[in-house]
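Report on one structure; see the data block that follows.
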């Protein structure tokens with residue numbers, strides 16, 4: 001497979017009062033990306049951060065800001081997030097069935113990398129047109145918990161979606177998010193996931209660097225088997 005491991009600790013599990021120092025700390029521990037959970041209180045019940053926080057954090061880091069938009073109207077967020085300095089813009093397929101082509105093009109025009117996410121109950125086939133498009137998404141995020149809150153239990157049955165994606169698209173970035181950590185990484189990596197979002201299993205670890213290293217090693221070892 002022509003994909004590289006990207007470990008993306010979820011900043012939702014960090015100390016929001018010290019976001020810049022938390023970002024530096026976790027990058028020093030070996031993180032590849034910083035995963036930013038943007039929730040609108042409508043698509044999911046929780047309400048988190050928006051473009052102003054991304055803009056503030058961008059002043060303190062050059063890191064890849066992997067933004068996952070759990071929002072009802074993602075197209076409204078493209079311009080503000082592009083201006084704020086977001087790197088990746090991952091929207092949900094469930095709310096983009098009518099305008100995903102326009103959405104992908106707008107994301108790219110603003111200099112961000114487009115991705116699509118799907119909830120546990122959404123069939124994987126719904127994202128295929130977005131990958132096969134003339135203007136395709138560059139990453140698929142398979143949710144391994146219901147989006148909206150951290151700390152939920154990993155859903156191993158979602159790995160069939162990852163396997164189907166990896167078999168069909170060998171060089172696609174496939175991200176998993178929800179309940180990932182040392183006890184679940186091997187299942188996800190062996191299914192074909194290479195971008196790993198981990199929150200409490202990194203920020204709550206006695207040695208975050210060891211947790212990040214273990215997850216990267218699992219992705220690399222499983223890719224070698226393919």
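Keep in mind that glycine also has a Cβ here, set from the backbone N, Cα and C atoms.
TrEMBL entries are annotated by machine, without manual review.
Listed in TrEMBL:
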| type | residues | note |
| --- | --- | --- |
| BINDING | 10, 68, 148, 149, 150, 151, 179, 199, 200 | substrate binding site |
| BINDING | 35, 37, 68, 177 | divalent metal cation binding site |
| ACT_SITE | 37 | active site, proton acceptor |
| ACT_SITE | 177 | active site, proton donor |
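If you compare Cα positions, residue 148 (substrate binding site) sits closest to 37 out of the binding-site residues 35, 37, 68. Neighbours of residue 35 (divalent metal cation binding site) among the binding-site residues 10, 179, 200, defined as a Cα within 10 Å of its Cα, are 10. Using the Cβ center of 35, 37, 68, 177 for divalent metal cation, the list of other same-chain residues with Cβ within 8 Å runs, in sequence order, 8, 10, 12, 36, 66, 67, 90, 141, 197. Set side by side, the binding-site residues 10, 200 differ in how many other CB atoms lie within 10 angstroms of their CB, and the most is found at 10. Around the Cβ of residue 148 (substrate binding site), 18 further Cβ atoms fall within 10 Å across all displayed protein chains. Note: the CA-CA distance between residue 177 (divalent metal cation binding site) and residue 10 (substrate binding site) rounds to 9 Å. Counting only same-chain residues at least 6 apart in sequence, those with a Cβ under 8 Å from the Cβ of residue 68 (divalent metal cation binding site) are 35, 36, 37, 38, 90, 117, 141, 177, 197.
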